[in-house]
């Protein structure tokens, strides 16, 4: 019997212990969850925080401050192209992470590998200008880094969402808060750097080095923190393979028969008997002595099952988990999350903050306000009063997601100056940012807690599916944004 002091106890939904009531190992896992959230979006935020650098990247790549571009359409829309390449790559790659061959890869390898790829993206952006290349080479570099970032993000994001989806909901909420805090950090730094450094060729170059250096530094610290996580007893109660030992995770209703034959789906009656054989199939991770005792005392000692069997590894549970069955369980939270980010990326940042192109500070301050209230919304599920009162009231989150469509006319009218004034834009960013963080975070937290998600394999897959929902909504929203911006330019 496991007597480790950090053995997990069930927690009420949305409820987390005060930091001073936690063990050191539990608090450390919260810190790692937060750092994973920050690192997840840090590369994208670093690129978007230095738009002047990326939009004139050809000058730095050609090492010529007076260079005139030939591919004007690409450089005028370079941020959109970069974002679209990354999102489409993630949308293609992230579902592949659910395939059985990928799920056999140890969790720690996926986390560290995805993080290394994200670091490589930023290193490439910094190395190419140092070595020098042509404008075509600069275009290829932007496209390649968009692909590299999308590839690394899909691996790191799907694994992180899945892993922390198997922990109590407060860990997912903390990770989501880290995602929002990444935007706050880069926005705050952008304001400071923009005020301190000139917008000259050398000034913009220094700005990019600050943003990219911060990104690599934070992701490097996250890399080290994840390595140390394998020695954390609290984390091993959820994913033992992080420490290269047998997992103590909850196998739920996953049977030994299902684990050995993942392509077969035996049915069981209410008493846990296999309907085809009539035999009881004990759950993995439970004491397996009843069947042996029925054969006599000698059979207990000779049984191939030990008196108390260690649970399967996390990867064994994942391989035995049905994807589409899990998707049916989380479908409404999947839809709510996808539509939430569809609306957000349709309007933000292009439409929501681009209505005053001649203003030096409007877009910078508007993005900062959005990020601050977005992170407040992402942390709000840590307050129990922000949760639906019962399981049946989860429809409120779906309704809130679809209600955000009201921002489309409100922000479009402002972008066309039918509603004048910068103050209106700032107020809208407060509501828009908080609603994005709250709805997105609640959907991501509630998804792995849906009925029928009864073991950690399903919770991991549910968390991964919720991460995919962000990409689905984000891709559609980005495409709609490009179409809208194109129509605006022509008319």
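Backbone N, Cα and C define each Cβ position, glycine as well.
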82-102, 250-270 - the one Swiss-Prot records as transmembrane segment:
82-102
To which of the residue ranges 230-249, 290-309, 310-329 does Swiss-Prot assign the term region 'Disordered'?
290-309
Close approaches to the transmembrane segment (427-447) from elsewhere in its chain (Cβ under 8 angstroms; 6 or more beyond its ends):
14, 161, 165, 169, 172-173, 176-177, 180, 330, 333-334, 336-337, 340-341, 343-344, 347-348, 352-353, 366, 369-381, 386-388, 394, 397, 400-401, 404, 407, 410-411, 414, 462-463, 465-467, 469-470
Candidates 109-129, 333-353, 361-381, 395-415, 460-480; stretch with most C-beta pairs under 8 Å toward the transmembrane segment (173-193):
361-381
Quick one: do the transmembrane segment (109-129) and the transmembrane segment (333-353) reach 3+ CB pairs under 8 Å, ignoring pairs fewer than 6 apart in sequence?
no
State the residues, same chain only, that lie 6 or more residues beyond the ends of the transmembrane segment (333-353) and have a CB under 8 A from a CB inside it; answer 'none' if no residue qualifies.
48, 80, 327, 362-363, 366-367, 370, 394, 397-398, 400-402, 404-405, 407-408, 411-412, 415, 425, 428-429, 432, 436, 439-440, 443-444, 446-447, 450, 465-466, 469-470, 472-474, 476-478, 480-481, 484-485
Region pair the transmembrane segment (460-480) / the transmembrane segment (27-47), three or more CB pairs under 8 Å:
no
